[in-house]
Amino acid sequence: MRSQQDSCWLQLRRRNHVHTVSSTPLLAERLEGNRGYPSLFCCIGSKGKDAALRWLATSKPARRTFGDVHLHVDRQAGDVTTERPLLYADIVVEEDSLDVPVSNSIGDHLKHDVDTYCLAPVSAYAGVLGILTDVVCVFLPDSAALDMVAKVVASWSPNQHEDSLPLPRLVVIVKTSPGQNQDKIRSQLLDAMRRKTAAKMLEARFSAVGVYALPVGVDISAEYQYGRLRDHMKSESDIVRRHRIANSLLFNSRHFATLAESAYASYVNGQPFDIVRATRARNPVPRKMQHSMERFIRRFANEEAALATFVLPHVASAMMLDAFPPGMHSLSLPSPVVYARTRADLPEFAPEQVYRSLYKTVFVGALAALGMPKKYEAILRSIIARRPRRTWTDAGRVEGQHKFMRAYARRWRNIYSDRDCLVCLCRTPEYALACGHAVCAVDARRFGEKTGPDSFVINACPLCFRSVGTLQYRVKPKTKGINVLSIDGGGVRGIIPLQILQLLEKRLSSFLPNFPVQNHFDLIVGTSSGGLIALGAVMKDFSVSCCMNMLRNMSASVFRPRLPLPGWLQGRALRLLTIYLFGSLYPSESIDTFLRNALGDKKLLDHCAATARGAKVAVTASGVPRGGYLLSNYNGAGSNEHRGTCQHIRATGPPDRASVYDAARATTAAPGVFWPHSVPRVGKLQDGAICGENCPKRTALCESRSLWPGARRGVTLSTGRTDARPTSPVSPITAQAPKRAGRPSGVFDTLRGYVSSLFHAVDSFMDGEAAYDRCTLEDRPALMDGKKDFRCNLRLEGPVPALDDLDAVEDLRSQTSAAFQGGEQIDAVTRVLLSTLFYFELTARPMKNRSSTTCVGRIVCNLDPGTDLHHLIMSLAGGGAEFFVQGVVVPLQRKSVNYRNTRFQQSIQLNVRDLDAEFPIALRVSGLGCAWGPAAVDALLFRADGPADEKPVQYD
């Protein structure tokens, strides 16, 4: 925090004929805690200006340097509680510049040239401060120094992209002696200014020009002299403020400070300042919106009537839907100033202005890609301009879109897309409805019915309005960490991660006896048998025991020889002959039948137990001959910035959607063991291990960052197996008699060598430990936070069982149980998973003190009211569980509350150094120790860089 006497705000320096500008956070600090709407006056001059500011302002600059801007707060209207803080920007110029003669005209736009060095501060700071300034005050030493006014007018060039912001008013302040005719002086000065300054220049830079005669004399007190000057400056500012209010562009202190930062950044980058773009700097228009519009318009490119009455009106509605949710055009929170977001604080912009700044380039680009004439851009612009003002509000825009889609419900029944959400035209659809349409999570929430803080239901399709039943959905709370589970593949070796999960579930059952272990994770990614486990546990809501039975039954059903030869011929001869005759060791029909019966034909995007609780699941697959793919229940939604190397498989519409069976069949198609699986519009897919994803942890982390950008990481658990020795011995699937010395002879020996190499390669792909090691080295947060990143793998001694070795299943299960039963690793995962059930959220605005920030909030449990929550809280409290907040013990409250009907929340207060600093919150559970969950207040606040559907923080 700066002292009140440190008033330097902006600095301009020149070295080797190059100007550099720097800034300090003084404005945000001076406005800290204020909830009013400031007025800014830019003051230019020398001695007269200094004398005025000494009386008007609270701070006195200790040192003055050419090129500086000093910020002063009015002594009468600068308190934190002031509804209208008055700010003075003192621009320091050289006194000699006042005497520099004005040259002749150099062009049509500038009638006067200026000394670029002497008045460089005026030119530079006009670009930074022009959008915020109400009045520019030029203090003349006498009425003859009009050259200074001309130079100021020529130098003042706001760095402004839009003309919606009001221009400042120019007030020339000149001293007058008693007895002088002030009206005559004003008239003479104005006439002289008009002669010396181009009229177009004045109109382009200032909304009005006036002269104020400052009375001087021995009988005139400073209080009278400068008190009247303040009143005149305020009256001039009132005119500008009325314009701002009329256009909903009167900025509160928080927006004021942030706008100054944005304007400064635009100026130093050499870009015109666009206030609309500034409000969306961290949350820009989705990149895919142009392609979505292009694909939507292409459907009707040859239907002129449909374009005018249906397509373009829907595009306009989609733009407004993206542009005007609550807080969409609020500025990002400046540190360290923090305020609550209230609807009255949000600046509003006319739809035409928003369209020009954000969407015109997008729409024109879509037209150009389609080769369509620009007349459609004019039609769209007129549609937006005709929209009633009430449709700009949150309720109005949703209601307007709802009415529009209802009016064309029959037409929507023939339009489907899985690549683009047809409601908003800017996101990837994630939820498929019974009618065949698919919508993104944002629109599902917009048009659904809220049933809880993070849950909602959909009863009808928002496009065609056909009933879809009662579909329950849930989204991750904003401030909760992300829990990720990665499951390795390996055929029958899939029993290892299942046994680990069963032991973990058993350990957690002391606190949550009927809570499946998979419900602790927000995202589960698996490969091969791991993918099958993920699909069964998440999509079908199978318990771990059911998944074990499914794996045993599938292994027994599908790992049967094609040719029932005598026992002495089975093994090498049978395998080689089978591969030679059929191309795969086992028939695809058996695994096809089993997976269809076990998983059904439900589509991945259809509503299921996973979507009801907000869980995401994905499985990896490899293309034939190359390429990595993902099949998921969220259709690859999210940001593409953090995507890994695997490509999401998306359909074009309902007929092409991959089913749960397709995903399971593709990820388990080990080469040489089963034939690859064909997926519509993609081609043949096989086991995901082939593309190096047998340990899909890296893919899982990339997907989590794409789905929840900026969210805090919770637990990352990876399960699988590793070998005791660097090179695995030959497994039963590749066992063969010793080769004869010398080169292989004949077709049989050649085929034998090929098959042996093939299965050695498959077996090496199935070892996910190398992939895990690579991911861990690349994943810097995991190296820094090992307490929340776990690898539970069984270290096998001796030969590695083959992926089709049925006799090894129970032995692997026993080894896993012996290795992890009652071990520290299971306890460590348990306590961290329990801690991630709780998260912190703010309940009041953080209050900045002299050396810290006080935050009031609550610890909330992610479980909904019910038996599980009640049993959890009673078990934790009964065992003496405690929260540690910044090292201070906060006992878990065991109130006489029935948590079957009430959410758990415990109020806390803490002090942080600043909003970016992390603070530790720990949960200590008897018998398990502490689990830490660091957080930062800055991450808990609503940020403008969040998704477009984010709602403002609502404080109690």
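Start at 1 and count along the chain as shown; that gives each residue its number.
Each residue, glycine too, has its Cβ placed from N, Cα and C.
Summarising the annotation, TrEMBL assigns domain 'PNPLA' to 485-701. The feature motif 'GXGXXG' is assigned by TrEMBL to 489-494. The annotation motif 'GXSXG' is assigned in TrEMBL to 526-530. The annotation active site, nucleophile is assigned in TrEMBL to Ser528. What TrEMBL records for Asp687 is active site, proton acceptor. Look at TrEMBL and you will find 717-742 tagged as region 'Disordered'.
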Per DSSP, what is the residue tally for the motif 'GXSXG' (526-530) in helix, strand and coil?
-> 2 helix, 1 strand, 2 coil
Once the chains shown are all counted, how many other Cβ atoms turn up within 10 Å of the Cβ of the residue listed as 'active site, proton acceptor'?
-> 32
Rounded mean pLDDT within the motif 'GXGXXG' (489-494) lands at 89
Reduce the DSSP letter at the residue listed as 'active site, proton acceptor' to three states and note it down.
-> strand
Any idea what the Cα distance is from Asp687 (active site, proton acceptor) over to Ser528 (active site, nucleophile), rounded to a whole Å?
-> 6
Number of Cβ atoms other than its own within 10 Å, given for Ser528 (active site, nucleophile) | 33
Using DSSP, how many residues of the motif 'GXGXXG' (489-494) fall into helix, strand and coil, respectively?
-> 4 helix, 0 strand, 2 coil
